[in-house]
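Engineer: One structure is given below, represented as structure tokens, and several questions about it will come after.
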Amino acid sequence: MESDSMFIGFGYDRHPLVEGRRLVLAGVEIDAPLGSLGHSDGDVLSHAIIDALLGAGCLGDIGTWFPETKEYKDANSLDLLKETVKILEERGFSVVNVDATVVASIVKLSPYREKILENLKSALETSRVNVKFKSGNTLGFEGEERGISAYAVCLVEEKKCTKSI
């Protein structure tokens, strides 16, 4: 197979932080006093990456593929990310790389980086994954510990079969 085209996607997500919910990033449960409010598990990192991947493939957004229905209530967003990779693969795309930033000040996230990266590399089927953490420097809803947000950019490659019969 030979590369035909490369496409860039961008994704973003944010959720309020509330009592009684878990804080999950890329399937990793974070020890935090508040959790992310959302229809699924509220995993803003996985959601931002899903939107970036779907954007790169011109396939809509997370709500197009995983609507707020009973089927996806409290869904594991890492599983949704794996499903998104399958959706892309079925259309001839593969993930080249992902770079993401999570903004939150409720808890220090760097101790979770290696497990988050391990989960993402497995789900995305690429070793070219990077995640950064920012505090918000006391500004905005992330800096005031009222919410969490994530940004992601990705590069996907569309493969064309060049084998001759």
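The backbone N, Cα and C atoms fix where each Cβ goes, glycine too.
What Swiss-Prot records for this protein is below:
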type    : residues                                                       : note
BINDING : Asp13, His15, His47                                            : divalent metal cation binding site
BINDING : Asp13, Arg14, His15, His39, Ser40, Asp61, Ile62, Gly63, Phe141 : 4-CDP-2-C-methyl-D-erythritol 2-phosphate binding site
SITE    : His39                                                          : site 'Transition state stabilizer'
SITE    : Ser135                                                         : site 'Transition state stabilizer'
Engineer: Please list residues from the chain of His47 (divalent metal cation binding site) whose Cβ is under 8 angstroms from its Cβ, counting only those at least six apart in sequence.
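Structural biologist: Residues satisfying the criterion: Gly11, Asp13, Gly38, Ser40, Ile62, Ser77, Ala150.
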Engineer: Would you mind listing, in sequence order, the residues at least six apart from Ser135 (site 'Transition state stabilizer') in the same chain with a Cβ closer than 8 Å to its Cβ?
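Structural biologist: Long-range Cβ contacts: Val103, Ala104, Ser105, Glu142, Gly143.
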Engineer: Determine, from DSSP, whether His15 (divalent metal cation binding site) sits in helix, strand or coil.
Structural biologist: strand
Engineer: What does the structure give for the C-alpha distance between Phe141 (4-CDP-2-C-methyl-D-erythritol 2-phosphate binding site) and His15 (divalent metal cation binding site)? Integer Å is fine.
Structural biologist: 10
Engineer: Around His15 (divalent metal cation binding site), how many other CB atoms lie within 10 A of its CB?
Structural biologist: 21
Engineer: Using Cα coordinates, what distance in whole Å links His39 (site 'Transition state stabilizer') and His15 (divalent metal cation binding site)?
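Structural biologist: Cα to Cα, His39 (site 'Transition state stabilizer') and His15 (divalent metal cation binding site) are separated by 10 Å.
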